[in-house]
Amino acid sequence: MNIVILGTQWGDEGKGKIVDMLTEDVAAVVRFQGGHNAGHTLIIDGEKTILRLIPSGILREGVLCLIGNGVVLSPPALIEEIEELNAKGIPVTEQLRISSACNLLLPYHVALDKAREAELGTKAIGTTGRGIGPAYEDKVARRGIRAMDLLHPDQLLEKIKKATAYHNIQLEHYYHQTPLDYQSIYNQLMEFREKIKPMIGDVSALLGNLRRQNKHIIFEGAQGSLLDIDLGTYPYVTSSNTTAGSAATGSGFGPLYFDRVLGITKAYVTRVGAGPFPTELTNEEGKKMAKRGNEFGSVTGRPRRCGWFDVISMRRTIQINSLTGIVLTKLDVLDEFAKIHLCTAYRCDGEVVNEPPFDQSLLESCEPVYEEMPGWQTSTYGLTDYSEMPKEARNYISRLEELLGVPITIISTGPDRKHTIVRQAVFNQVITAKG
């Protein structure tokens with residue numbers, strides 16, 4: 001069985017924990033888009049691990065972890081991550097494979113990203129400054145350096161020289177930044193080459209072989225659907241396609257081979273950086289939500305904006321991803337709220353609408369229409385049995401299912417792998433559904 005697991009909001013939904021939990025009986029986990037601009041946090045027996053590029057299956061012995069062609073790969077970030085995991089006794093090089101068609105994220109991409117954000121000032125998009133956007137620009141413009149280029153040093157030197165000269169024109173003459181030295185970039189890549197060369201290969205062919213052996217494969221998305229470059233809250237989006245279609249194009253795996261698509265969503269909503277956020281809470285409730293949920297970026301440390309669950313945007317996410325199931329995370333964050341609110345419509349220019357407008361100027365003016373429900377005001381932290389959950393919490397979950405039309409198959413009640421209620425088996429492995 002082949003399953004896509006992705007975020008349904010603006011990222012930070014808890015994908016890493018869920019992927020890790022489900023990898024017990026899978027052969028491989030695949031990253032198919034994004035870069036090291038988002039982190040997946042795993043907590044196992046109290047020990048925290050943050051992954052930025054390497055798929056979340058790396059903590060399971062024998063699980064292949066594949067970086068697909070849709071990822072933009074920062075060599076220094078990857079090496080740092082490998083060394084951190086090796087220090088914990090995890091044999092990364094035995095489990096990790098990198099698509100030879102994967103584009104590399106290089107120093108001039110980072111320099112351009114930072115220069116552009118500085119130029120925009122208060123109108124900045126709010127990128128992480130890690131060079132993701134410029135790296136994807138080079139990919140689309142067909143001047144990108146790919147992992148396979150590391151296997152041909154002489155050709156690589158000429159490509160680096162041309163690309164650096166091209167980007168230095170912008171850096172030096174438009175942004176008034178110090179130009180970069182192509183030889184230094186090349187020398188650095190040669191050092192990385194020796195460390196990652198054995199892991200470079202044909203990920204698409206490897207996936208094909210696993211499929212023919214009827215192995216279970218998870219395709220792990222980064223960020224969230226509302227950050228999709230085409231279907232998200234443009235221009236306040238990331239530079240890749242974060243929706244289910246990207247799992248095929250970003251890995252070289254045919255779309256008809258996918259069996260299920262699981263969407264990860266928090267029991268509330270968060271967002272990092274600029275952009276419209278209809279249900280955002282800027283009052284004490286929002287601060288309480290952020291504090292209880294420890295809402296700070298795992299990579300950047302930036303505080304996240306918080307708000308009530310948005311049914312309208314979630315319906316759009318279900319539609320564009322063809323979700324077959326929902327995983328609800330961080331339910332325990334709502335434990336102390338006396339009242340819970342669900343946004344069931346928007347009021348835009350005096351008109352009640354049930355679809356989120358793509359026009360961002362209109363979306364920014366939309367106000368949420370709320371349905372109020374009683375809170376449970378008792379701890380759900382660490383629960384593993386649905387029948388032990390407070391009635392009000394179960395009512396909240398039932399109402400979400402009713403409004404969304406998709407079953408909530410898994411509920412996360414805490415950060416650890418064990419803090420989980422499985423209501424419906426994902427693979428064919430034996431899992432006792434609770435409730």
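From the backbone N, Cα and C atoms, a Cβ is placed for every residue, glycine too.
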Further IMP ligand in Swiss-Prot, beside ASP12, GLU13, GLY14, LYS15, ASN37, ALA38, GLY39, HIS40, THR128, ARG142, GLN223, ARG302, within candidate set THR233, THR238, THR282, THR317: THR238
Candidate with sparsest Cβ neighbourhood (10 Å radius) among HIS40, ARG302, ARG304, the listed recorded positions: ARG302
Spatial neighbour of LEU331 (GTP binding site) that is closest, considering only the recorded positions ASP12, GLY39, HIS40, THR128, GLN223 and their CA atoms: ASP12
Largest CA-to-CA spread of IMP binders ASP12, GLU13, GLY14, LYS15, ASN37, ALA38, GLY39, HIS40, THR128, ARG142, GLN223, THR238, ARG302, angstrom: 34
Other CB atoms within 10 A, centred on PRO303 (substrate binding site): 13
